[in-house]
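Q: For 281-304, the entry in TrEMBL reads compositional bias 'Basic and acidic residues'. Under the heading compositional bias 'Polar residues', TrEMBL lists 307-317. Feature annotation from TrEMBL assigns domain 'Potassium channel' to 83-143, 178-255. Summarising the annotation, TrEMBL assigns N-linked glycosylation site to ASN82. Positions annotated as region 'Disordered' by TrEMBL: 277-317. As annotated by TrEMBL, transmembrane segment applies to 6-30, 122-145, 165-189, 201-218, 230-250.
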Amino acid sequence: MNSVGKSWLLLTGLIVFYIIYLLFGALVFSSIERPVEEQLRRDMDALKQEFLNQSCVSAASLENFLLRVLTANKYGVSVLRNSSVTSNWDLASSMFFANTLVTTVGYGHTTPLSDTGKAFSIVYALIGVPFTMLVLTACVQRIMYPLVIAPVCLLQRSGLEPRPATVVHFVLLLVLVVLCFFLTPAAVFSVVEVSWSFLDGLYFSFISLCTIGLGDFVPGTQPGQKYRPLYQVAVMVYLFVGLMMMYLLLRTFHKMSDLHGLTSFLQLPRCEDSDVDEDREPIVDGDSRTANHVTEKTASRHLDPASQPSYNTINKG
């Protein structure tokens, strides 16, 4: 079979496996969540009937009241006491909403109320989403050398072969990201958010940094929280830096896959096909003077994407 046929066969296999994976997830979620949902429905029906039996309110009036309450709650306005003291559209909250919009996290806890706000959200996101991706890419490009290239060079100078060095580095980077951007924030959220457990904080961190943003847990929305604006700004900084580190982790894995031949096996494009000329110069070829020369040259060059050393320049041995 020629290469084109193999490529299409591999793509078909990946699509089929993806569909099977979605069906597997659907079956598991349905088996876990549906009984809980049905029990909650029964509880709500019993509560509604108990309320009707103890009052002179008609079922139609009650349903109309609940419909209006739920509609208001959808837009972040609650009828519960002290829950609507602070506005969802003050400066800090509006900035938090804008941040979730352009990072594509989109919790959905607050949504535009007016048609003008909805129209502006479309225009704002059209410009803000690609601009945010540009900023994240630029930031990751700047930290590639100190967090990826230099550590791999250090591991190679310590005696490891290039491929094992990249694996060790990726595992260490993964542990660092999990510790600093998942476990530690989860502990912080479980303390600051009174109703959150450690698992809730870990769940929120994962859902947010993967830009899934289900919106069932949103920080800074509980009534009476102290320093709420400052807290929301801190969460915005955490989201941006966390997304940057997730992007760095993905790029590192992609580059490691290039070095180990995984992308070639799957017939996927290499991470830096544009760096052909730069790939001819290995970072480490057994001579420490070459590595020192590359390090000094990189430090003296202007920080632009074209001037940064490539992960793919590691000698494949």
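Even glycines carry a Cβ here, placed using N, Cα and C.
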Q: With DSSP as the yardstick, break the domain 'Potassium channel' (178-255) down into helix, strand and coil residue counts.
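A: Looking at the domain 'Potassium channel' (178-255) with DSSP, the answer is 55 helix, 0 strand, 23 coil.
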Q: For the domain 'Potassium channel' (83-143), jot down how many residues DSSP puts in helix, in strand and in coil.
A: 41 helix, 0 strand, 20 coil
